[in-house]
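Taking it in order: structure first as structure tokens, then the write-up.
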Amino acid sequence: MEAAKAKMGSEDVLRQTSRLASSSALLQILFRLITFGLNAFTLRYVSKEIIGIVNVRLMLLYSTVVFLAREAFRRACLSGSTRRNWTKTFNLLWTIVPLGVCWSVFLGWVWLDILEVPDENAVPYYNFGVVAFGLSAVIELLGEPFWVLAQVHLFVRLKVIAESLSIICKCFLTVILVVTYPHWGLYIFSLAQLLYTSVLVLCYIMYFMMFLGSPEATKKSFPVTRMISVLPNFGQDEEFVNWEEAKLTWSFFKQSFLKQVLTEGERYVMTFLNVLNFGDQGVYDIVNNLGSLTARFIFLPIEESFYVYFAKVLERGKDTRFQKQDDISMAAAVLESLLKLVLLIGLTITVFGYAYSQLALDLYGGSMLSLGSGPSLLRCYSLYVLLLAVNGVTECFTFASMCKEEVDRYNFVMLALSLVFLCMSYFLTYWQGSIGFIFANCFNMGIRIAHSIRYIHNYFAQTPYKPLKGLLISPLLLVVYVICGVAMGFSEVFLCCDKGWLARLIHVAVGALCFTATLATIFFTETKLIHFVKKHILSRYTKEVLK
């Protein structure tokens, strides 16, 4: 009876997690496509230099403050049951805000007084931009307790609607100001960034103001009943925070900066070492954003949602022999299917991305992107997406199951990787230009994948389960990928992209036929994966639409 209840519990978590991943991915695609089009429109009105300053330097300031202030707290507080002392969790989460203020002030000083300041005529209002982006980071941190509360309880619509609405507001304000006041320069993007974080935080606050204490919350026995309960509580006699969560947070915090360097390493090299001018930084960042669309649309929602699943189902640091075997079995099956899913998506992007990079850049940004190094950058990035996809799932499982001591040991691995990555980025960029950043990222991601694969292999060594089989695909499917890659490569040489629109349409038709053949082969060779997707992803999305 207990085993049956445990199995039902883990299956319920899996169903809700799958619903979160599928809804996040599919609904964000709809809203991000609007963003995609608006950004393509904006490219026609601003210079490469402004794009480089905003998307590389100022967004690096914002992402660094937010990441260093909250990432460790997120990972620690998402672990465990929904039934906990939420007062202590909220107290711990509110320490993010003063931490974020400190990081914002310190890094703002670095950005203003240490780094090279761009020419005021080419990029006006730089100082205001630094202050505005630092302030926007602090504003976003004010909503972190509400974000964690929503994520732990798998509030699907709230996360998707809040993020999508804030992105759309940011894009529309940017377009309006770019068209009407193009001389405002960085004022435009600074005001849009402040609007984005304000709308995002307000969405979470307004939702919980209506939800807490409502009949729906009472019916669900929601553990928090009043908005005042979310605020920090200094009056209780017991300990201010849960020290187990605090210790785990400290372990993740020591790792946070290292992971940020690995994630944003090329931007740090560009910002602090000046290996590229602001215009080249702008082109690289546009190509980087275009190449990472799939990572943001599909891989990131999958990673975030299934991190919650693995963290809830598995017990940190406990041997698999002493955990519930139904949970271990289901976790292994889910991990195997996820690995196969992201591997096939990544392979498809790599094969098709190589042949259609120049056409995509020409349609998106015109000759500014399609001429020069842009197509080569995007081709290399399509290979990086494959490694990014596999690493997202392997590290998702690794971080969800590691104990505190294992996380501490991994910090030393991350330190070594950070140093090697920075050195490789610097030298490869001087050797190969901006493509060197992608080569360095590929090397870094490959090492991280190897470490996570080793951990997963050891984790399941005492069980009959082999989830790493998800990284193997059928020989027939591999042959189809090779044939499609060769056919589309010839099509690009003879039909794209300076031979008129008819030739372009034929080139697109060749890709459509190859894509159809690839999907058909996947459908007939990967039946286990198709069943997983139908049961846990597509069915959840269909139910959401019907609701």
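Backbone N, Cα and C atoms are what each Cβ position is placed from, and that goes for glycine too.
Residues or ranges marked as transmembrane segment by TrEMBL: 20-38 (among others).
Taken from TrEMBL, the feature transmembrane segment covers 50-69 (among others).
Within the same chain, residues 57, 61, 64-66, 68-70, 73, 76-77, 127, 130-131, 134-135, 137-138, 141-142, 144-145, 148, 229-233, 240-242, 245-246, 249 sit at least 6 positions outside the transmembrane segment (90-112) and bring their C-beta atoms closer than 8 Å to a C-beta of that stretch. What TrEMBL lists as transmembrane segment is 90-112 (among others).
Summarising the annotation, TrEMBL assigns transmembrane segment to 124-148 (among others).
As annotated by TrEMBL, transmembrane segment applies to 160-181 (among others).
Through the fold, the transmembrane segment (187-212) approaches residues 50, 54, 58, 62, 124-125, 128-129, 132-133, 135-137, 139-140, 142-143, 146-147, 149-150, 155, 158, 161-163, 165-167, 169-171, 173-174, 177-178, 181, 222, 224-227, 229-230 of its own chain, all at least 6 residues removed from its boundaries and within a Cβ separation under 8 Å. Look at TrEMBL and you will find 187-212 (among others) tagged as transmembrane segment.
As annotated by TrEMBL, transmembrane segment applies to 338-361 (among others).
The transmembrane segment annotation in TrEMBL covers 381-400 (among others). Same-chain residues lying 6 or more positions outside the transmembrane segment (381-400) and placing a CB less than 8 Å from one of its CB atoms are 75, 79, 287-288, 291-292, 294-295, 299-300, 302-303, 306-307, 310-311, 314, 331, 335, 338-339, 342-343, 345-347, 349-350, 352-354, 357, 407, 438, 441-442, 445-446, 448-449, 452-453, 455-456, 471.
With a cut-off of 8 Å between Cβ atoms, the residues of this chain six or more beyond the transmembrane segment (412-431) that come close are 255, 258-259, 261-262, 265-266, 268-269, 273, 275-276, 437, 439-441, 443-444, 447-448, 451. Marked as transmembrane segment by TrEMBL: 412-431 (among others).
Look at TrEMBL and you will find 468-490 (among others) tagged as transmembrane segment.
Under 8 Å from some Cβ of the transmembrane segment (502-525) lie the Cβ atoms of residues 344, 348, 351-352, 355-356, 359, 473-474, 476-477, 480-481, 484, 487-488, 491-492, 494-496, all in the same chain and six or more residues away from its ends. Summarising the annotation, TrEMBL assigns transmembrane segment to 502-525 (among others).
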